[in-house]
């Protein structure tokens, strides 16, 4: 098996702002694994919040190149378990590698990934489209630029309720709110009341990740469901979220790929938690991998490639929130 690493700098359509940062370009690592005439592709993007850079990921993968290239024809579970000890401090690199291996494995088997997992896709949820923090006029213009059935609105400002009130005047779409750890306990509970009146479906990670007492209080008193994001990073976190959140948002780059992400979703479902997968600002390589988990999800946020000025791959397509699969096997990706 041959490992190929590529670095890209993805240009965004608009400056993207959340409560922590603003970006115009998104650095991205694409991993390709070649074997027996097949190629599998995976992706992970840089993330300043987690101190992840593309050169760092490449360096971590280069260190174990021989181990990766000598591990072939194992199931993705066995492959992940073998590689995890070497990359346990770089889950982003592990994710890109795991996505590529799952893609390659399914292509060798002659199946789409969701077919290999025996999933049926008739009830797949629609993806939301993210509106980053900006002036209200800019946020309204972003909505008008792309009419969509569900919007995820990034908040964490002093005018959050006013922003949502103003946006609501311009659309009947479902709203989801992501405060990116920007609120306190009372603020979250009070905001939930106001936001429910404004047609908000749920709140995502309103408070700091480690505020477990606060999460429990909000869980009891919020009139809207609350979904964990930063509080649910790796497999061990799912059980902690029980009785503290109504659901979990799994990010593949944070947990180490599709292999552990799939297990996290299965555990969440057993615990009666709502399930969601979220994306980063990334290309169709990463987004196409997420698509194969859709049959297991209540919600999904996989609009990352829609935020790009120019994509670097083809794969799944998204129109008006509805995800359509590529005709190709594996995750269905082709690099442009």
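Backbone N, Cα and C define each Cβ position, glycine as well.
What Swiss-Prot records for this protein:
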{"type": "BINDING", "residues": "130, 152, 153, 154, 251, 301, 302, 303", "note": "substrate binding site"}
{"type": "BINDING", "residues": "178, 204, 229", "note": "Mg(2+) binding site"}
Next on the checklist: Cα-Cα, whole number of Å: residue 204 (Mg(2+) binding site) versus residue 153 (substrate binding site)?
Outcome noted: 10
Next on the checklist: Within 10 Å of residue 229 (Mg(2+) binding site) (Cα to Cα), which of the binding-site residues 152, 251, 301, 302, 303 do you find?
Outcome noted: 251
Next on the checklist: Is it possible to get the count of other C-beta atoms within 10 angstroms of the C-beta of residue 204 (Mg(2+) binding site)?
Outcome noted: 25
Next on the checklist: What does the structure give for the C-alpha distance between residue 153 (substrate binding site) and residue 178 (Mg(2+) binding site)? Integer Å is fine.
Outcome noted: 6
Next on the checklist: At a 10 A cut-off on CB-CB distances, which of the binding-site residues 153, 302 has the highest count?
Outcome noted: 302
Checklist entry - Which are the residues of the chain, 178, 204, 229 excluded, whose CB is within 8 A of where the CB atoms of the Mg(2+) site average out, their centroid? => result 152, 176, 177, 179, 180, 203, 205, 227, 230, 249, 278
Checklist entry - Cα-Cα separation of residue 152 (substrate binding site) and residue 178 (Mg(2+) binding site), in Å? => result 7
Checklist entry - Under 8 Å Cβ-Cβ from residue 303 (substrate binding site), six or more apart in the same chain: what's there? => result 127, 128, 129, 130, 152, 279, 318
Next on the checklist: Within 10 Å of its Cβ, which one of these binding-site residues (178, 229, 301) has the largest number of other Cβ atoms?
Outcome noted: 178
Item to check | Under 8 Å by Cβ from residue 251 (substrate binding site), counting only residues of that chain that are 6 or more apart | outcome: 229, 233, 277, 278, 279, 280
